Amino acid sequence: MATKAVCVLKGDGPVQGTIHFEAKGDTVVVTGSITGLTEGDHGFHVHQFGDNTQGCTSAGPHFNPLSKKHGGPKDEERHVGDLGNVTADKNGVAVVDIVDSLISLSGEYSIIGRTMVVHEKPDDLGRGGNEESTKTGNAGSRLACGVIGIAK
């Protein structure tokens, strides 16, 4: 059973980063940094597929094995892959420090082999009042992504 994972984020533009995942008890601690962002919040999600053959678009929708509507990371109604937002400072750097109790590095909610994506816009956490909000959080285009792999 994997206890650690890593993801290298890359895109067509300046956005890049490295994200680390570590299983701790019933949670996964997600840490790292992303550079090249515009200042402010950016949606941060695990997507269904580990397929980046056509850039980030081939990663599919948010990882959602429970067939729920999109929500925030603390909501009961959320996709497993909904990790909310990361916030970039005025220098375009987002420091990631998330503890989540729904994603896993093993079993049916495992994120290993799936794609981590950072988005162009803030995630409205499913509260945007339209259909797209309940699917994507209106987070916009995919700036950078990478497949989550087992780490030592």
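Any Cβ shown, glycine's included, is placed from N, Cα and C.
The following features are taken from Swiss-Prot:
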type     : residues                    : note
MOD_RES  : Ala2                        : N-acetylalanine
MOD_RES  : Lys4                        : N6-succinyllysine
LIPID    : Cys7                        : S-palmitoyl cysteine
MOD_RES  : Lys10                       : N6-succinyllysine
BINDING  : His45, His47, His62, His119 : Cu cation binding site
DISULFID : Cys56-Cys145                : disulfide bond
BINDING  : His62, His70, His79, Asp82  : Zn(2+) binding site
MOD_RES  : Lys90                       : N6-succinyllysine
MOD_RES  : Ser101                      : phosphoserine
MOD_RES  : Ser104                      : phosphoserine
MOD_RES  : Ser106                      : phosphoserine
MOD_RES  : Lys121                      : N6-succinyllysine
MOD_RES  : Lys121                      : N6-acetyllysine
MOD_RES  : Lys135                      : N6-acetyllysine
MOD_RES  : Lys135                      : N6-succinyllysine
> Which of the recorded positions listed here (Cys56, Asp82, Cys145) have a Cα atom within 10 Å of the Cα of Lys10 (N6-succinyllysine)?
Replying inline: Cys56, Cys145
> Quick one: what's DSSP say for His47 (Cu cation binding site), helix, strand or coil?
Replying inline: strand
> Do you know offhand how many angstrom separate His62 (Cu cation binding site) and Lys135 (N6-acetyllysine) by C-alpha?
Replying inline: 8
> Given the recorded Cu cation site (His45, His47, His62, His119), which additional residues of the same chain have their Cβ within 8 Å of the Cβ centre, ordered by sequence?
Replying inline: Gly43, Phe44, Val46, Ala59, Pro61, Phe63, Gly81, Asp82, Val117, Thr136, Ala139, Arg142
>> Whole-number answer please: how many Å between the C-alpha atoms of Cys145 (disulfide bond) and His119 (Cu cation binding site)?
In response: 9
>> Return the residues near Lys121 (N6-succinyllysine) by Cβ distance under 8 Å, restricted to its own chain and a separation of at least 6 in sequence.
In response: Asp41, His42, Gly43, Asn138, Ala139, Gly140
> For Zn(2+), what surrounds His62, His70, His79, Asp82 with a Cβ no more than 8 Å from their Cβ centroid?
Replying inline: His45, Phe63, Asn64, Lys68, Lys69, Gly71, Arg78, Val80, Gly81, Gly126, Lys135, Thr136, Gly137
> Highest CB neighbour count within 10 A among the recorded positions Lys4, His62?
Replying inline: His62
> What recorded positions among Cys7, Cys56, Lys90, Ser106 are found with a C-alpha within 10 angstroms of that of Asp82 (Zn(2+) binding site)?
Replying inline: none
